[in-house]
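> What Swiss-Prot records for Thr235, Ser236, Glu237, Glu289, Ser388 is L-serine binding site. Per Swiss-Prot, ATP binding site is recorded for Arg266, Ser267, Glu268, Glu353, Ile354, Ser355, Ser356, and the stated evidence type is sequence analysis.
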Amino acid sequence: MLDIQLLRGQLSQVAERLALRGVTLDSGAFTALEDERKQLQTRTQELQAKRNALSKQIGILKGKGEDASAVMAEVGQLGDELKACEQALPVVLEKLNAFLAGLPNLPQEGVPVGEDETGNVEVRRWGTPRSFDFEVKDHVDLGAALGLDFDTGAKLSGSRFTFMRGQIARLHRALAQFMLDTQTLEHGYTECYAPYIVNREVLVGTGQLPKFKEDMFWVLRGGDEEGGEQYLISTSEIPLTNTVREQILAADALPIKLTAHSPCFRSEAGSAGRDTRGMIRQHQFDKVEMVQIVHPDASNAALEEMVGHAEAILQKLELPYRVITLCTGDMGFSAAKTYDLEVWLPAQNTYREISSCSNCEAFQARRMQARFKTAQGKNELVHTLNGSGLAVGRTLVAVLENYQQADGSIVVPKALVPYMGGLEVLRPAS
């Protein structure tokens, strides 16, 4: 959430920066709500002061034995108006809060300006795409003989679900374990196991709600139809980041670095017709997430570090990739700056997103009221960052396609052999 003081003092500048994201700020609506708030607060204070003065006057009159009925009647009238103001003010404040909750984060200075993914800027590449001396197959055709079963997934749950069995299920698990070990043992993250179902206020904290409800899977508890809203997580960023919600942390507790492997559930609203073949876009997929809670002065450096942590996985797997900076029009709602990592997929002859790392600055912290105490004893908002380290399913796709052999077998990347019990090649079922 944006700082309301920023809008109050620099409304036109905020509007200009939001316009870079393709968002039109309704300055008139904000100004009208602000005027109403100020009028109600001013009138409430005036009425309270007048009531207090009249109450003293009543005491003086009664002390003298004089008639105070007229003044008491006036106090009664003031009380009615004061009650009306006190009831109206929270309504206006809630409208202001809802207005702010619908605004995305402001892009950092230096983020490339653009309307969509065509405005993204490549930063660097690593590795050289392999040259094949045979016709390349995609992961769907390769996986069919290795236990990747989209038909069973569709029979069980509908489109965009996958069923895995045997050696490919083992490879999927090996990838997740390898990623977790790298992030915890080499990069200093604390491994976590978090709930996959969360309450509404948790999603408000990280910015998925209220704006993106249609992207979520909603949960209805049997026998509790009147219960509160709950949702399946779309990323473990949600529970990990919210561990500091409504807390005041000691400065020396920062940075906090958390990681978790979890399934992620996304309705993919608005994605009809996109990536309908294979595992690229699924309703359920696994991901190893990285989250950092840091001092505001450290968040830009933490973002660069986090990107390096995601890159390390791809480098260990020897998968070619590139790093791009997302433009203003392609960033996520809560992000001030985002890097995407895109892995090379031979069958598509292009790079596809496999990780997204974002600095959200104080945007999520303000929504969560996550703060730390400075050396001067002042409470300030922390900065939050999140990144994929990595998306497990898309990494599986990249391994299958980049390590395929002419006979349909898959060479296991060296880094994964210990996680596969020494198995070095996946061979198609005869």
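Backbone N, Cα and C atoms are what each Cβ position is placed from, and that goes for glycine too.
It should be emphasised that the depicted structure is a prediction, and the values quoted were computed from it without experimental measurement.
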> About how far apart, in whole Å, are the alpha carbons (Cα) of Thr235 (L-serine binding site) and Arg266 (ATP binding site)?
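The Cα atom of Thr235 (L-serine binding site) is 9 Å away from the Cα atom of Arg266 (ATP binding site).
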> Please work out the number of neighbouring Cβ atoms within 10 Å of the Cβ of Glu237 (L-serine binding site), leaving out its own Cβ.
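The answer is 30.
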> Which value in Å gives the longest Cα to Cα span across the ATP site residues Arg266, Ser267, Glu268, Glu353, Ile354, Ser355, Ser356 as recorded?
19
> How big is the Cα-to-Cα gap, in Å, between Glu289 (L-serine binding site) and Ser355 (ATP binding site)?
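Cα to Cα, Glu289 (L-serine binding site) and Ser355 (ATP binding site) are separated by 9 Å.
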> I'd like the number of other C-beta atoms within 10 A of the C-beta of Glu268 (ATP binding site), please.
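Excluding its own Cβ, the number within 10 Å is 14.
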> In terms of Cα spacing, which of the binding-site residues Ser236, Glu237, Ser388 are within 10 angstroms of Ser356 (ATP binding site)?
Ser388
> Other than Thr235, Ser236, Glu237, Glu289, Ser388 themselves, what residues in this chain have Cβ atoms within 8 Å of the centroid of the L-serine site's Cβ atoms?
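Surrounding the site, in chain order, are Ile238, Leu240, Ala260, Ser262, Cys264, Lys287, Val288, Met290, Val291, Asn386, Gly387.
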